[in-house]
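Some features that TrEMBL has for this protein:
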- Lys40: active site, proton acceptor (ACT_SITE)
- Lys40: N6-(pyridoxal phosphate)lysine (MOD_RES)
- Arg139, Met313: substrate binding site (BINDING)
- 244-371: domain 'Alanine racemase C-terminal' (DOMAIN)
- Tyr265: active site, proton acceptor (ACT_SITE)
Amino acid sequence: MGNDFLPERVYVLTVDLNAIQQNWLTLSASSLASVAGVIKADAYGLGARQVGCALYAVGCRTFFLASVEEAVTARDFLPADAAIYVLGGLRNVDIFELFARNLIPMLCSAYDVEQWLKFKSSAQVNAVAGLKINTGMTRFGLDERDFSLLCTDESRLKAINPELLISHLACADEANHLQNNIQLNRFLKSLEQIKRMLPAVRASLANSSGIFLGKEWHFDLLRPGAALYGINPTPLDKNPMLSVVRLALPILQVRSLSASEFIGYGATANLPTGARVAVVAGGYADGVHRTLGAQPEGMLLGQRVKVIGRISMDSMIFDISHIAASDEELMQASVEVIGDDYSINHLMKTHKTLGYEVLTSLGSRYKRHYLPGAL
Ligand SMILES: *Cc1c(COP(=O)(O)O)cnc(C)c1O
């Protein structure tokens, strides 16, 4: 066997790029605003390159990434007319490199504004930035006081050259939460302030769920991430988005019990004589615990099956006593733990995990398989 031996990996996470494109087009059709694509954290674990290129192909021209590292990578695979914003602030960032690569920083604090102005005065370039303000999440963003001060200083404001004002909603997935209106009103007030000096500034407030709060939250640019990837932006209602991800775990071994037996580490569960179990690829090293909950369920040949006993590092055991298939058939089959029947949104409901966490903790051992989208 040569060094080039590359075994087929058995963990396959299927990502439907066409569904991602359809989701973007659905959001686009629902609003007069432009629609960006948030592809930070490797497009929520699904592959920033594949997802970014698929979104570009259907017309997306604005992208948000969390760090400079991510943005530099994105610059390599996205065409030059794609605007790439970096959300994470300017700490430890070589601003000249950022500018040279045509990446746009979101200035998030008084510190960022200072760094940016220093850069602009030393480099003497006509670079643009985005400004992020805090309206009630108290994470990133200029405070109201700093922002108001800035808006009274025309020369500083013009030196920053901000073309986009954004803020981020803390409770958009709870449509009736008071915080949504509070944040909207603060954002409107700040937008009015900055527009007095810079009437051309564009505005963006809504993440995925924010889009569904209503048109008042839309402004010029929508910033969906989760909804593009099939996570329900309206958790109390039917999911308006197409599901994107399928995870099927192959059966590695089938066994029938000739006596009552304990199952798995710690002998925490047992099954009676005649029961049948399937040992399936995927364990806590693959993030299964966090992503699927401690007791994953799935679909096997059209029927529900449940994990029995503790999850191991690389495998878990399903009770398949009620499945009437031969061992040979089962050795060709997989347990679908995320898919049409077992969606991420179902997991959110039953295990109280966030769809975001489900996606981003799907381990690197899964091979991503892409169903192509439109080119
Ligand atoms: C992550 C992020 C988004 C996308 O949020 P979703 O809820 O995934 O749609 C939008 N804007 C900012 C600033 C973000 O950090």
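Cβ atoms are placed via backbone N, Cα and C, with glycine included.
Taken residue by residue, the domain 'Alanine racemase C-terminal' (244-371) breaks down under DSSP into 29 helix, 48 strand, 51 coil. Cα spacing between Met313 (substrate binding site) and Lys40 (active site, proton acceptor): 28 Å, rounded to the nearest whole number.
Counting only residues at least six positions away in the same chain, the Cβ atoms of His168 sit under 8 Å from the Cβ of Arg139 (substrate binding site). With respect to Cβ neighbours within 10 Å, the active-site residues Lys40, Tyr265 differ, and Tyr265 shows the lowest count.
The number of other Cβ atoms within 10 Å of the Cβ belonging to Met313 (substrate binding site), over all protein chains shown, comes to 11. For the domain 'Alanine racemase C-terminal' (244-371), the model gives a mean pLDDT of 90. Annotated pair Tyr265 (active site, proton acceptor) and Lys40 (active site, proton acceptor), C-alpha to C-alpha distance, rounded: 37 Å.
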